[in-house]
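J.: Found this in TrEMBL, in case it helps:
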- 80, 81, 82, 83, 84, 85, 86, 87: ATP binding site (BINDING)
- 405-432: coiled coil (COILED)
- 7-304: domain 'Kinesin motor' (DOMAIN)
- 683-703: region 'Disordered' (REGION)
Ligand SMILES: Nc1ncnc2c1ncn2[C@@H]1O[C@H](COP(=O)(O)OP(=O)(O)OP(=O)(O)O)[C@@H](O)[C@H]1O
C-alpha cells in the first residue's frame, strides 16, 4: 500500500445566460451537485452563474499557489464546449481578466521577498499535434522539448523571464494576440500558458494553465478534418485515459499518446499530481447534449479525484470494485437528494394549490349559501304577502290589519289604559298622603285639647273603635284592591268630619256655641243643599252616617257610661233611612257616586230635623245645654273615631307603600312590554305599509279571525324557527369566515415570502444582466479595437508583402544574372574542358611520341597545328600527371605566358 499527496479536484462553472426567456437545462441542487436530464453529477464545487471571477480564484486557484511555491507542478485544465467560458475563466483572451491575472499578482506578492526566485513564462499552442510557441513572432518553429532522467520535461528556448506581474500579463497578452494572428482555428487548438518558477537556474515547479480545445470536437468528426479531429480527440482522450490510469497504477502511463499529455507529463504524472479541472458549461437547453458530455467527462475525472484525494491508495482489484461501488452509491445518493428536493418543491406547490382550491370551494359554497338564504327570505316574504292577500280576498272582508298586529294593538291599548289607571291611582295616593299630613297636624292640635277630657276620649274610642274596625276589616279582607280607588273619597269624608269636629270643639265656649247655634237656627235662607258640608252646623242638625251608627249601637249603655244624654229626638224612620242610605259596604261600592249621593240624600232628609231642633232650642236652655253636651260628646267621639281612622290611615299608608312598590315594578314591566310591543307594532306596520292597505272590518271570533289567528300563529312559529335557524347559520358563517380569514392570512404570508424571494432573485438577475451587458459592450469595444489593430497589421503585412515581392523580383533578376553567369561559366568550363581534353590528347600523343614539350610545340598545340613526335614513356607520364593535377596551370601559364615548358 502506498500513500499519495495527489490533489485532483474538479469544479464546475456555469456560464450565466443573457436572455431570461431561454430555457435552461441544468439545475444546481447543492453547491456541489448538479442535475441534468434525470442524472445528477457531483463535483468538488459547483459555481453558479452568479459567482464572480474573484470567488473562483479564491476558492479554487489560490490554494494551489502554496503547492506551487513549495515545488509542486500544478495543472489547471479548462474544459468545455466552445463558448462555455474556458478562455474567460483562465484569462487567455486578449482583454479578459481571468485566473492568470489574479494568479500573477498573488505570485509576485508571494515571492517578492525572495530574490532567489526567478519567474519564467511560456505560451504554447497545440494544433494538429503541432506545437507552436506563440510568444515567438516566428510561426511553425517547433520548440525543443526534452525529458531528463527524472522524467522532467524541459522546453528549451521558449521561456521568457518576467519580473513583475504586469510584465507577465503583457507577455500573456502578446501570446494571445499571436495566437489570433496565427491562421489556426482557436476552437480546435489547445493553449498552454506555463509559469515556471526557478531558483538559481534550476526549475522548482511549473504551473500550467491549459485552455483545452472545445469538447464538442470529440464528436464532430464529420465537420472537422480528420487530422484536426484526431489531434483534438487524442489530446482530450489521452488526458482522460491518463487520469483514469493514474487511479489504479503509476506505471506505464500513456503520456506519449498525445502531444498534450507528453507536454504535461511531469505535471500530470507521478504520485504528487496536482491538478484542477475547471469544467465550463453553458446551461441553455440548446447546449443540452454538449453540457451532458462535459459533465460526463468531468465526472469521470472527479471520480478519480474523490478516489485519489482520500488517503491511502490500494491497487488491488477488490479495492477498485469497492470504490466503484462507493462512487455508484454516492451518485445514487446525490440523485436521490435531488429527487427529494424536486419532490418537496412539487409537494409544496401542490399544497399551496390545494389550499387555494379548498379556499375557493369554501368561498363558492358560502356564496351559494348566502344566495340561498336571500332566496329563502324573499320567498318567505312573498309567501307572507300572498297569505295576507289570499285571506283578504277569501272572505271578501276589508282587512284593516293583520290579526297579529291587531292583537298587539289591542294589548297595547289595554296596557296604556292600565298605565293611565295606575298613574291616576298614584296621583290619588299622593294627594291622600298630603292631605293626611295636614290632617295629622290638625289632629295633633285636637288631641291636645281633648287630652283634658279623658272620659270622652275613652267613650269615643270604645264607641267608634268597633265601628272603625267594622269599616276597615272588610277592606283588608275582601276589597283590598279597591282601597286605593276610594282613598280620596274617604279622605275627603274624613276631612269634612274633621272640620265638623273642629267646629264642634269651638263651641265648647258657651258663648260662641250659643251664637253659632242661634245664627244657624235663624238662618233659614241658607241653602243647605248647596252647602251641605261647609255648613258648620250640619253635623248637629244632620248627623253624619257615622254618628248614626254610634247612636244605633248600644245607645243607652254608651250614654250611661259617658254620662251623656241620649240623642232620642230623631225618628226611627230617619234613622232607618240614614242607615240604609249610608252603610259601611256602600262606602266601598263600585260606584263612587253612591257615597256622595247617599250623603247628600241624608243631608236633604235631615233638613226637617234641623228645623225641628232649632225650634226646640229657642224654648229651653236646658235643652240647649243638653244638646250642646250631646254635641260635645259627639265631637269627642268624632275625634276619637278620627284618631282611629288616622291609625288606620297609617296602616293603609304602609299598605299603600307596599302596593305602590309592587305597582311600580309592574308598571316598569308593563312599560318594558309596551316598548317591545311598540317595536313589534312598528315592524308590523312597516310590513303592512308594503302590502296594499285595504279597509277591513273584522268580527271578533269569526271564521276569518280564527283562521287568520291560526295562520298568524303558524307564520310566527315559522318565522321564529327560521330566525333561530338564521341565527345559528349566521354564527356558523362567522366562524367559517374567521377560519377563512386566518387561512387566507397564512397563505398570504407564504405567498409574500415567495414573492419577496422571487423579487430578490429577479433583482439579482437584473443586476447580472446589467453587468453582462456592460461586459458585452466592453468586449465589443475591445473586439473593435482588435479589428482595427488587425487591419493595421494586415496593411503592414500587405506592405511587407509588396516589399517582399519587389525583393523577390530583384532576387529573380539577380538569379537570372547568376544563371547567365553560371551558363557562361559552364560554357567556358566546357570549352576549357574541351581544350584540356584536346591538350591532354596532344600531350598524350606527344608523350607517346616522346616529343619534348617546349614553347614552340606548345604554341603549335595551342594553335592546333602540332604533330606529335615520338616521346619516352617517362616523359609522357610526367606531362600527363602535371596536366591532370593542375589543369589551371596551363591556363595560368597561358594567361601569364611566362613558363617556357610544362
Ligand atoms: N462566467 C462568465 N461570466 C461572464 N461571461 C462569460 C462567462 N463565461 C463565458 N463568458 C463569456 O462567454 C463568451 C465565450 O466565452 P469564451 O471565449 O471564454 O469561451 P471558450 O470556451 O473559451 O470558447 P472557445 O473554445 O472558442 O475558446 C465570452 O464573451 C465570455 O466573455
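Numbers here mean position along the shown chain, with the first residue as 1.
A Cβ is built for glycine as well, from the same backbone N, Cα and C atoms used for every other residue.
Please situate the listed features within the shown structure.
T.: In sequence order, 15, 280, 281, 282, 287, 290, 294 constitute the residues six or more apart from residue 84 (ATP binding site) in its chain with CB-CB distances below 8 Å.
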J.: What number of additional C-beta atoms lies within 10 angstroms of the C-beta atom of residue 83 (ATP binding site)?
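T.: Taking every protein chain into account, the count is 16.
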J.: If the criterion is a C-beta within less than 6 angstroms of any ligand 1 atom, which of the binding-site residues 81, 84, 85 pass it? List them in sequence order.
T.: 84, 85
J.: List the other residues in this chain whose Cβ sits within 8 Å of the Cβ centroid of the ATP site residues 80, 81, 82, 83, 84, 85, 86, 87, in sequence order.
T.: 15, 78, 88, 214, 280, 282
J.: Going by DSSP, give the three-state secondary structure for residue 85 (ATP binding site).
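T.: Once the DSSP labels are grouped into three classes, residue 85 (ATP binding site) ends up as coil.
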J.: Please identify which of 81, 82 has the densest Cβ environment, defined as other Cβ atoms within 10 Å, among these binding-site residues.
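T.: Max Cβ neighbours within 10 Å, all protein chains included: 81.
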